[in-house]
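Pulled from Swiss-Prot, these are the features on record:
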| type | residues | note |
| --- | --- | --- |
| MOTIF | 57-67 | motif ''HIGH' region' |
| BINDING | Glu559 | L-isoleucyl-5'-AMP binding site |
| MOTIF | 600-604 | motif ''KMSKS' region' |
| BINDING | Lys603 | ATP binding site |
| BINDING | Cys899, Cys902, Cys919, Cys922 | Zn(2+) binding site |
Amino acid sequence: MDYNKTLNLPKTDFPMKANLPVREPEILKKWEEMDIYRRVLEKNKGKEKYILHDGPPYANGDIHIGTAMNKVLKDIVVKYKTMRGYDSPYVPGWDTHGLPIEQQVIKILGVKRHEMNPVEFRKVCKDFAFSQIERQRQQFKRLGVRGDWEKPYLTLDPEYEAKQIEVFGEMAKRGYIYKGLKPVYWCPSCETALAEAEIEYFDETSDSIYVKFRVRDDLGKFKGIVEDLSNVYFVIWTTTTWTIPANLAIALNPEFDYSLTKFGDEVYIIAKDMIEEVRKETGLGDYEILATFKGKELEGMKAVHPIYNRDSIVVLGEHVTLDAGTGCVHTAPGHGEEDFLVGQEYGLEALNPIDEKGYFTDKAPGYEGLYYAEANKVIKEDLRKANALLAEKKITHSYPHCWRCKSPILFRATEQWFASVEGFREEALKAIKEVNWYPAWGEERITNMVRDRKDWCISRQRVWGVPIPIFYCENCGKPLINDETINAVKELFRQKGSDAWFEMSAEEILPEGIKCECGSTKFRKETDIMDVWFDSGSSHAAVLETHPDLKWPAELYLEGSDQHRGWFQSSLLTAVATRGKAPYKNVLTHGFVVDGEGRKMSKSLGNVVDPAEVIQEYGADVLRLWVVSADYTADMRTSPEILKQIAEVYRKIRNTARFLLGNLYDFDPDKDMLPYEELLEIDKWALYRLNRLVKQLTESFDKYEFYDFFHPVHNFCVVDMSSLYLDILKDRLYTYPAKSKERKAAQTTLYIILDTLVKLMAPVLAFTSEEIWWHMKHDRNNNFESVQLADWPQVKEEYDNPYIIEKWEKLFDIRKDISKALEIARSEKKIGHSLDAQVDIYPSSELYEFFKGFEDLQYVFIVSKVVLHDPQEVAPENAYVSEDYDLKITVTRAPGEKCERCWMYSETVGTIKEHPTICARCASHIEEQLKV
């Protein structure tokens, strides 16, 4: 007789080899055919809403590993919330305007911006943006991200632009929008102003120069200290040589001590506490302090500009520190925020001798036409000729750069439009406190940024963007903006999009009969566009308030930690300014993706991990599993080695699911399920461990701690299941009669475990959970077309059975000692497989009573025979001694012959005439099977 045919061996067509790169696209196609996004929304329609508002990625180029991580995290949130019964639509968006697209159009398409009119150039930009959106949309879908991909929100949509104009108009109406001449971050390469969020800091090598400004008027303060002023100088220090031509003042701190310090024949005015530092940096020799004054005593003195022989007045400023330099700060009001503010106090001109391309104008005689960076050498030579260059050297320091072109930027005073953050700063700080920040340090970070930030420069000198909806009177030059003009522009954009601004005249746009206060009816349009952060920062109004599936405020904004100064902040500012509160209730941030050694990814280092390549090699589910493999609130490491490890963990999880499926091939959950009371104790223990997993994942996911998925699920599958419960269960599943109560108890437990596990996996392992679901049989109340339509598992109180937990946890702990004893016997060649063994247990009285509470310990220990000795019996001298329990163990070869069917050794093998090669237990099972 072929006894193999009498065993209930696993059967499943669920493949062992995942082959995800091939299988996942097939699953995606099925999701599209069933319109899974709408199906999920219909299921939860009318229930409590949970809105995660998508921060729009920039429509430019392929997605990178950080973008992939961000989208997967969002998808996990939304899928979890829908399984918890929330109506949780996900409307993805794209940021479509701005400089990067202009640059790509010029670079890739070879477009010459200045040879095209704005309308033509904008059309090329729009077409490029749409091509990038389609490219990224397919990449996001390939990650398994579920969303309204056919109707995303785009910042270039006419409806969106109209709503953005409304936000701008409301801020203007409340007095928060103004035009002013101010030093702003300026990129000469891109020829535009930049917001703080568009600045990155990189190390830069610059000049470090000490410059002498001879005193022209000391207000009589130095009389009697020096004979005359011909050799008395204020000494300044700067790392921006090119700003010297724009110097109009020298700033001192009113409370610092400043010394007239004699070095040789010259007297230098330096902060007393910086004299030694200056001496060291300049190589000056011995000195003598002639006198010391408070900074405020020197206010109003005049020095001579070393190049132009004009006055450079001495002013006071609290911004002057002793961190570096001389305590005398070179002040060019047209080139620095603090310089500008001090200059305003003293009525100084915001002199800006540099044009939008970075070249000196005729306001800097002698340097006209020189690029600012190239002028450094000439300026230093002129200072040297004037005997004003005290010392120079090169230093490396952190310097602001344009985030797009990576060029160094400069501060440049120009006329710009600003949002006055000062007008609603306190409201914004209050709103921050009302939001839940994950991790908690995010609150302090954005609080500091908002508290310390300057007014927001919102104008850009480009054409691909939303125009600033302001008109100027051609007669008096006064700007025109009111409810009437804003409504006219808003409605125009709603109908025709913002291209209309560039296609129509002011007269065609403005309502008929509108006049300036001066009486003129002739107007021209503003030519600047809005900062792209104003675009995306208006999404709460343009999307949350207008989309029929969404609501304001959102439950969650989830982006990288750099967005505290970006989208989180621009959204907060526009919302507080117009609605008085934050547009979000919760904000979660993740770190950046770095390589396996914690280094930033870069092409030059060759350490870039491309998500497309990961998907091609391993599949999207392995990438998704990586996303939850570590605490993503810090920087996340990835590398080929790390991904290989993740793929191995995935394989183990998949194998566990395959084992469960394989042993449920003949199980019908509607007919074969047993009630909890009829399960064996070990089955109840397995359900306790499952229940613990449900509880842990639910609590963690509720707190957005999705990294708590990886290790618990891995441990449950590998340790609790594969290495323990499922290993023990094999005998009952394979050798017992197919319809026996014992086997049905095991299958009931396996079904509950699989049904629960596949649902727990669904938000993370989107494709694999679906593949498992489609291979499962389901009970009539659970027979959904997709696992995404199923409910999240509930914690079952009855599974937390204290008696079962305590008893079986202790036995499995003791089982570790049994395994150690078996391993020693194996190493001593006493046994091969554990089923070759007989285990003799010599326990204490207490443990003896404990062991008597179990039947068939041989199946738990996976040996052929267990002999429990009386506590009075003495164990052999060579017995294994447990370190944790009062227990000794011996291992010998089991008596009897090996059963051909169950592979256990038994003295009953050969005693059954009809079945001479199998044990009595197996013979009994076969006879029982034949009766069915």
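The backbone N, Cα and C atoms fix where each Cβ goes, and this holds for glycine too.
Taken residue by residue with DSSP, Glu559 (L-isoleucyl-5'-AMP binding site) is part of a strand. Taking only the Cα positions, the spacing between Cys902 (Zn(2+) binding site) and Lys603 (ATP binding site) is 58 angstrom.
Mean pLDDT of the predicted structure over the motif ''HIGH' region' (57-67): 91. Within 10 Å of Glu559 (L-isoleucyl-5'-AMP binding site), counting CA to CA, the binding-site residues Lys603, Cys899, Cys919, Cys922 contribute nothing.
Residues 94-96, 98, 100-101, 104, 129, 132-133, 135-136, 139-140, 560, 592-593, 601, 608-612, 614, 638 of the same chain, all 6+ positions outside the motif ''HIGH' region' (57-67), place their C-beta atoms under 8 angstroms from a C-beta of that stretch. Considering only the binding-site residues Cys899, Cys919, Cys922, Lys603 (ATP binding site) has Cys899 as its nearest partner by CA-CA distance. Same-chain residues at least 6 positions away in sequence with a Cβ under 8 Å from that of Cys919 (Zn(2+) binding site) are, in sequence order, Gly896, Cys899, Arg901, Cys902, Met904, Ser906, Thr908, Val909.
Long-range Cβ contacts of the motif ''KMSKS' region' (600-604) within its own chain (Cβ-Cβ under 8 Å, at least 6 residues beyond either end) map to 65, 592-594.
Apart from Cys899, Cys902, Cys919, Cys922, the residues listed for Zn(2+), the same chain places the Cβ atoms of Thr735, Glu900, Arg901, Trp903, Met904, Ser906, Val909, Ile918, Ala920, Arg921, Ala923 within 8 Å of the centroid of those Cβ atoms. Of all Cβ atoms in the protein chains displayed, 26 besides its own lie within 10 Å of the Cβ of Cys922 (Zn(2+) binding site). For Cys902 (Zn(2+) binding site), the Cβ neighbour count at a 10 Å cut-off comes to 22, with all displayed protein chains included. Within 10 Å of the Cβ of Glu559 (L-isoleucyl-5'-AMP binding site) there are 20 other Cβ atoms, across all protein chains. Using a 10 Å radius centred on the Cβ of the residue listed as 'ATP binding site' and all shown protein chains, the other Cβ atoms total 7.
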